[in-house]
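Q: Taken from Swiss-Prot, the feature domain 'GS beta-grasp' applies to 16-101, supported by sequence analysis. Annotated site 'Important for inhibition by glutamine' per Swiss-Prot: 62, in sequence order. Taken from Swiss-Prot, the feature domain 'GS catalytic' covers 108-444. Annotation source Swiss-Prot lists Mg(2+) 1 binding site at 132, 245, 333, citing similarity to another entry. The feature Mg(2+) 2 binding site is assigned by Swiss-Prot to 134, 189, 196, with similarity to another entry given as support. The feature ATP binding site is assigned by Swiss-Prot to 184, 249, 316, 321, with similarity to another entry given as support. What Swiss-Prot records for 240, 241, 298, 304, 316, 335 is L-glutamate binding site.
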C-alpha cells in the first residue's frame, strides 16, 4: 500500500484534476456509505473536521447524539479510473469518531482495529486475509432494473462464447489494477452467470477495504456493460450460491507462524490451535459470516458450500480447508463466509475465534477426508461433526450465547446487529411467498 502525506494528496489532487472526493465508510450491515465533497473542502477533510449525521446510518447512534466525524485514512487515497464529466473523483476511506475525539465503537473498521490490538498484545504482528468473492451478472430491463435473466450459461472455467461475461470481467480487472489491486486470477464460476476474481492477500484492514472497493468497482463496471452485478449469496434456486472464502494467516516479524516444516502437514502448533478456535466458535460467528435470510439457502448440501463444522487438508466439503501451499503461503481457508457479510465484522470474529484457540491451546478434532455430504447423520455424530445453524434465527441465538464472538463485536455493534437482524427475520417469517401460493392454494 502506498504511504501518503497530506502534501502528497494535495499535490496529486491538483496534478490529476480531481474535482470531488468521496469520504467513504461502511455501516453496520456492510453497506458502503460516503460523503462527497468538492476539492475546495479537502483541507477541512484532511484536518478531520468533516462532520455528518450519524443517526441516519444503520447501527450508529440516536438522533440526540448524532454529530460524528470522518477521519480519513490517508493511505487509502485512490483516484477512480473511470472518467467523470468535469474532472476526476478520488476516494478516502474513513474511520468514524465521536465529537469528543474518541473512536466510535459502532464503527466496524474501528472495531476490527480494536481486535487487532488484542492480537498484537499476544505477540503477533499481522493478520492477513486473501478473499475469494463471487458474484452473479444479470441482465437489466429497459429501465435499468435487474432481471432474473442471466448474462450467460457458462460453467466452471468456461471460455467465450459460453462465458459471455468475459469482457465485463476483464474490464473489472483492468479498473482494479489501475486502482492498485494485484489481481491473481479471474474466471467463470460453477453456476451460469457466476464469476470470481481473486486478489492478493494483505493485512486485515487493507483486505477489508479492498473487498468494499471491489464490490463498488464490480457494480459500476457491470452497469456500464448493461448488466447488474449482485453479491447476494443465493439469487437462484438449484445452482451454486456465491461465497467469499477467506484465506487467513498470522505473521510474526515477517514470518508465517502457521508454518512448521517439521509439524504434521507442516502446520505449527499455533495453526492447529487457531483451527480449533475457528471450529469451536463457527456456529456463533455464522450470524456475522452469513448475515441474511438468503445466506442459509446457500448453506445446504450439494452445492459446494459447507454445512458442517470440520476441517481437512484437501477435502472441500468441510468448513475449514488447508490449501496445499506451505512456507509463507500457509493458510487456513474458511469456506462458509458469503459476500453479503460486513468484512470488518467477519474478520474481527474470525480473528477472535482463532486467538481463543491459541490462548487456550485448543486441539482440533481429527481431519475429515471423506465427503461429508454423503455421510449419514450417525456417521457425522460419531466423528464429532456438528451442523452450522440452518437459519438466520438459529444463528442469532447461537451468537448471543457465545462470549468470545460477542466480545469481538463489542456491546454497541452486537446490540444493534441483533436488533437489525431479528427485525429482518421477523419480516421474512411473516411474508407469504410465491412458493407457498404455488404449493397450497390449489391443494387446500
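Cβ coordinates come from backbone N, Cα and C, glycine included.
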Q: From the binding-site residues 132, 184, 245, 316, pick the residue whose C-alpha lies nearest to the C-alpha of residue 196 (Mg(2+) 2 binding site).
A: 132
Q: If you count the other Cβ atoms within 10 Å of each Cβ, which of the binding-site residues 132, 184, 189, 333 comes out on top?
A: 189
Q: Within 10 Å of residue 134 (Mg(2+) 2 binding site) (Cα-Cα), which of the binding-site residues 245, 298, 321?
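A: Cα filter at 10 Å returns 245.
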Q: So of all those binding-site residues, 132, 189, 333, which one's Cα sits nearest to residue 249 (ATP binding site)?
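A: Its closest listed neighbour, by Cα, is 333.
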Q: Work out, from DSSP, the number of helix, strand and coil residues along the domain 'GS beta-grasp' (16-101).
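A: Output for the domain 'GS beta-grasp' (16-101) reads 17 helix, 39 strand, 30 coil.
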Q: What mean pLDDT score does the domain 'GS catalytic' (108-444) have in the model?
A: 92
Q: If I take the alpha carbons of residue 298 (L-glutamate binding site) and residue 184 (ATP binding site), what is the distance between them in whole Å?
A: 26
Q: Which residues, same chain and not among 240, 241, 298, 304, 316, 335, have a CB within 8 angstroms of the centroid of the CB atoms at the recorded L-glutamate site?
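A: Other same-chain residues near the L-glutamate site: 243, 303, 305, 306.
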Q: Would you measure the largest Cα separation among 240, 241, 298, 304, 316, 335 for the L-glutamate site and round it to whole Å?
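A: Looking at 240, 241, 298, 304, 316, 335 as a set, their Cα atoms extend up to 15 Å apart.
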Q: Using a 10 Å cut-off, grab the number of neighbouring Cβ atoms around the Cβ of residue 335 (L-glutamate binding site), all chains included.
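A: Neighbour count, Cβ to Cβ under the 10 Å cut-off: 19.
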Q: Using a 10 Å radius around its CB, how many other CB atoms surround residue 321 (ATP binding site)?
A: 23
Q: Hey, for the Mg(2+) 1 site built from 132, 245, 333, who else sits with CB inside 8 A of the CB center?
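A: Other same-chain residues with Cβ inside the cutoff are 130, 131, 243, 244, 246, 247, 321, 334, 335.
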Q: Which one is closest to residue 189 (Mg(2+) 2 binding site) in space, judged by CA to CA distance, out of the binding-site residues 132, 240, 316?
A: 240
Q: Tell me, how many other CB atoms lie within 10 A of the CB of residue 134 (Mg(2+) 2 binding site), whichever protein chain they belong to?
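A: Neighbour count, Cβ to Cβ under the 10 Å cut-off: 21.
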